[in-house]
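Worksheet for the structure shown next.
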Amino acid sequence: MASWFRRNLLLVLTIVSVLLGILLGFIGRLFNLTLQSIVLVSFPGEILMRMLKLMILPLIISSLISGLAQLDAKQSGRLGFLAIFYYFATTVIAVVTGIFLVLTIHPGDPTIKHDIGEGTEAKTVSTLETFLDLLRNTFPENIVQATFQQVQTKYIPVKPKIIKKNSSEILQAIANGSLTVMKPSVEYTAGMNVLGVIVFCISFGIVLSQLGEQAQTMVNFFSIMDQVIMKLVMLIMWYSPIGIMCLITGKILEIDDLANMARMLAMYVLTVLLGLIVHALISLPVLFFICTRKNPFTYMRGLLQAWVTALGTASSSATIKETSFTGKPTAVKTINIVTKPADGTDAAPIDANVAVRLKYSTILNSNLD
């Protein structure tokens, strides 16, 4: 038992921090703290979120490029295809699950179930435009801009240019500004274009692996960069229990009427929980089994650290660091990839740890066991 605690000390501290955060939050509500006091309580958690978000971009770039650059072209292409397929598949599954649950439960007002087919007059973005936005974000026109902005179609009101003859009422309405039409406009919104960055890094890593010895310096650079980033991430992870505790405590203290809010959001919380349960315990395990032919729940035990962090931070981005460590011990123990170069020289082992940290460990293991 003592050895287990030593091996999983960070996980234990994270779980304890969640429980302490909830406990301190309810105790703090008894003292009617001021807004400034609540801000100070939450401040260590804010620092944690800033540090986590700071590491997202360098972690994605260094891990993807260094991992794919050390594989041959065939392996890189397969891993890149699986990464993109996984992104699209999980997104589609999550969207379909969410729409089905919302239309079934109607968490906002259960009495409007019979109005499913009815909508407002406001123009909404169509499915086609959403798909086109996805393709636009897949191929960003500026990789630097993709690190902080993404494409999104919005409808804006404009005055019609074509007017029928003898339409005095229409002319008057246009003059008054009361007659407009909704026109789709492609705009940039705040937020990192993760898909575009991933596609660029995958392409960069695959091409880098094809250049052979002349690109070894660049490969070494990204490999060392990846090791540096992972060490920084580990330092942040040891600070995360304090930040998570403060985040949870601050969020509980910010709620004015906890009982009333819980009553109003009961159906919403139920819908979200059902969606998470279906996605985490049915959709993702099935997709995992299809790709690996392995027991998904055995692998999911290693995700507990990421789940607890997600519970405390309410951010999927904040868990990238934890999930990046999930397969690392497995890689050291089970994966030993050796390739034979085309020129007939001696086979060289590949550092597969990076590929495992990209969530490809199970795919590789399925071919090596």
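Even glycines carry a Cβ here, placed using N, Cα and C.
Taken straight from TrEMBL:
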type	residues	note
TRANSMEM	9-31	transmembrane segment
TRANSMEM	51-69	transmembrane segment
TRANSMEM	81-105	transmembrane segment
TRANSMEM	190-211	transmembrane segment
TRANSMEM	232-253	transmembrane segment
TRANSMEM	265-291	transmembrane segment
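Using a cut-off of 8 Å between Cβ atoms, the transmembrane segment (190-211) and the transmembrane segment (81-105) share at least three residue pairs, counting only pairs 6 or more apart in sequence. Put simply, of 9-31, 51-69, 232-253, 265-291, the stretch with the most CB pairs closer than 8 A to the transmembrane segment (81-105) is 265-291. The transmembrane segment (232-253) makes contact with the transmembrane segment (51-69): 3 or more of their CB pairs lie within 8 A, with pairs spaced 6 or more apart in sequence.
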